[in-house]
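Trainee: Quick one: structure below, then a few questions.
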Amino acid sequence: MAALLKRILRRRMAEKRSGRGRMAAARTTGAQSRKTAQRSGRSEADRRRRVHGQNFLVDRETVQRFVRFADPDPGEVVLEVGAGNGAITRELARLCRRVVAYEIDRHFADRLREATAEDPRIEVVAGDFLKTSQPKVPFSVVGNIPFGNTADIVDWCLNARRLRTTTLVTQLEYARKRTGGYRRWSRLTVATWPEVEWRMGERISRRWFRPVPAVDSAVLRLERRPVPLIPPGLMHDFRDLVETGFTGKGGSLDASLRRRFPARRVAAGFRRARLEQGVVVAYVTPGQWITLFEELHGR
């Protein structure tokens, strides 16, 4: 029995020493982390922004140009995505009737709500913009958005039927690829072009953001056309044509279309759209796609 008690006591003493060692290591690690953060110059706000992929636009003149480019209707509601510190929010409120500012980080949302409490034009919502319901009246969307959520936010906007305009700060390459940069056109842009015009605005240097991102940005604007270039009842057929062309079956756009349409009609469509027979599908402009559609569907 005495031997057993001695073993138990020795084990407990060892556990206590081990626990003190872990606590000391934790204190050392915490101190090292704080020192690392201090050396890197990162504040708590910087770390919070990195968690949510946020890079706030801090240059006032750039903010003002961005809001002017957004050109919100004075009488409409504007939904702002990623309000952050409110630099864009306040500029928007000068120009429109009501701004609903969405900020997913509750810390920043609470600070912005407190800072704008006296302005009846601004409503701050702490939550995910992508989960919000669409307004039942015409509205616009404006925002300096987290780059990682760009595709989801753009999809939300394209599916919002009462949305008049969308003006976003995105990665430069995303804006270029969606607006015919390098004379190439994406499937998404072509498929939505009859109803939505895509265009790129100002390029924004990465140095105007905090934290500083790895790449430059640009302003991307989507504007829903008052009168679609193709009747709404035919949009399904148009998108189906675009899907067929971009699948690449047959080795070329011409060959892909001949799998579904008479060869003579495809040839007539190419002549009317001024397309070479071996054209790469990405180099076909949205306008040429519409011409092809009209020829192939006998319009």
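Positions of Cβ are set from backbone N, Cα and C atoms, glycine also.
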Trainee: Which residue of Gly82, Gly180 does Swiss-Prot report at the same S-adenosyl-L-methionine site as Asn55, Leu57, Glu103, Asp128, Asn144?
Mentor: Gly82
Trainee: Among the binding-site residues listed here, Glu103, Asp128, Asn144, which has the most company in the form of other Cβ atoms within 10 Å of its Cβ?
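Mentor: Highest number of other Cβ atoms within 10 Å: Glu103.
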